[in-house]
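Quick notes on the structure that follows.
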Amino acid sequence: MNGSEYSCLLILNITELIIHLLATCPISTFNFILILKTSLIHKNLKFILLCQSFCIFCRSFGRILVLFSKLIIGDILWGGPEEFVLIFGFAAFFRNFVAHVLVIERALATYFVKNYENWKKPYFNFIWFPIVFILALLNSLNSVSSIIINLATWSFVLIFAILEIVIFTWMWHYNDKIFQNQLFFRHSLTERYQLVENIRTAKQLTPTLLIHFFNILIGALINWAFYMQIFGNKAKSPSSIFYYGLLDALFYCTIACTNFAIELTMILNHPYLRRNFFSFLFKLKSLIFKIKSPTNTRIGPSTSPPINAYFYKGFSLQNEAKVKLGGNEAENHFEQLKRTWEITDNKRIKK
């Protein structure tokens with residue numbers, strides 16, 4: 001690998017590091033806090049979204065550790081310490097599985113539309129979380145030791161993702177059809193609320209689910225590309241080392257951007273999250289550029305003495321005006337007011 005090839009890979013690694021430090025980690029942290037503070041999201045969905053943001057943060061943090069290790073050692077093709085690889089690998093698998101759980105939760109909200117809003121017990125979360133945790137842990141461990149298991153996992157996840165996109169689209173149109181036909185008026189207030197909530201949530205989550213699907217798709221394609229050795233055998237073709245390294249670096253840069261996009265679309269498509277996000281950006285901009293806040297227009301206690309105080313001191317408003325405006329100027333001012341009143345009175349008399 002020559003100097004220009006090494007520089008290309010180095011730039012891509014630094015670019016990924018910057019994306020994680022300045023974009024993905026901050027926005028996932030901020031979104032986690034916003035979701036945690038809101039009470040407008042159903043508890044099941046809220047817990048899933050919190051896990052999603054936490055996984056994206058952990059994956060970015062794991063990649064930051066790996067990238068710093070590579071830059072410190074100077075080996076740009078090194079995969080990084082195995083412990084750090086396991087951190088972001090586990091978070092990546094968990095994030096992919098969370099997308100499936102998200103569709104399942106929306107399916108429950110559609111099927112149990114009559115009483116889903118009243119589901120306050122966290123039974124659903126107690127069921128899916130340990131299952132997904134174990135699956136993510138096993139896959140992250142096997143991805144390092146077994147290529148076949150890794151490929152099988154990515155392939156099955158991709159197939160399920162395609163099916164879930166179809167199911168999610170059908171649920172959206174199903175809820176919307178009921179709403180358009182006004183059949184929901186036959187139901188109780190709780191059912192009507194849940195139906196409207198299902199439609200609104202489907203619109204909000206569609207961009208996020210599509211990005212999840214894109215992540216799974218390119219992850220499966222990249223793993224199959226490495227397994228099939230599309231650029232040739234590294235031992236027999238040393239020039240292929242750069243192309244595999246380039247493919248790997250482009251993949252990780254893309255995933256860093258899509259993870260940022262997942263969090264950003266979550267914020268922009270939810271009214272409460274969007275409002276607080278832009279409020280934070282405005283405050284941050286004001287802090288950085290030292291923009292003064294708008295003038296306080298609240299009515300406060302008057303600093304001027306009351307009108308009667310002028311008469312207690314032997315002054316009238318006209319005398320006070322003379323002091324402030326000057327004698328002749330004040331006289332002219334009140335003379336003009338007098339003429340205006342007289343003209344107005346004459347017009348009224350004519351009418």
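Any Cβ shown, glycine's included, is placed from N, Cα and C.
Look at TrEMBL and you will find 17-35 (among others) tagged as transmembrane segment. Beyond the ends of the transmembrane segment (17-35), by six or more residues, the same chain brings 41, 46, 49-50, 53-54, 56-57, 60-61, 63-64, 67-68, 71, 253, 256-257, 259-260, 263-264, 266-267, 272-273, 276-277, 280 to within a C-beta distance below 8 angstroms of the stretch.
According to TrEMBL, the transmembrane segment annotation covers 47-72 (among others). Beyond its flanks by at least six residues, the transmembrane segment (47-72) meets 13-14, 16-17, 20-21, 24-25, 28-29, 31-32, 35-36, 41, 78-81, 84-85, 87-92, 94-95, 98, 101-102, 105, 122, 125, 129, 252, 256, 259, 262-263, 266 of its own chain at Cβ-Cβ distances under 8 Å.
Annotation comment: TrEMBL describes 84-103 (among others) as transmembrane segment. Cβ atoms under 8 Å from those of the transmembrane segment (84-103) belong to residues 45, 48, 51-52, 55-56, 58-63, 65-66, 69, 128, 132-133, 135-137, 139-141, 143-144, 153, 157, 160-161, 164, 167-168, 205, 208-209, 212-213, 215-216, 219, 255, 259 of the same chain, restricted to positions at least 6 beyond its ends.
Look at TrEMBL and you will find 123-141 (among others) tagged as transmembrane segment.
What TrEMBL lists as transmembrane segment is 147-172 (among others). Sequence-distant contacts of the transmembrane segment (147-172), counting only residues of its own chain at least 6 positions beyond either end whose CB sits under 8 Å from a CB of the stretch, comprise 93, 96-97, 99-100, 103, 106-107, 110, 139, 198-199, 202-203, 205-206, 209-210, 212-213, 216-217, 219-220, 223-224, 227.
Here TrEMBL flags 209-230 (among others) as transmembrane segment.
Long-range contacts of the transmembrane segment (242-268) within the same chain, counting only residues at least 6 positions beyond its ends with a Cβ under 8 Å from a Cβ of the stretch, are 1, 5, 8-9, 12-13, 15-16, 19-20, 23-24, 27-28, 30-31, 34, 49, 52-53, 56, 59-60, 63, 76-77, 92, 95, 204, 207-208, 211-212, 214-215, 218-219, 222, 225-226, 231, 234, 274, 277. Annotated transmembrane segment per TrEMBL: 242-268 (among others), in sequence order.
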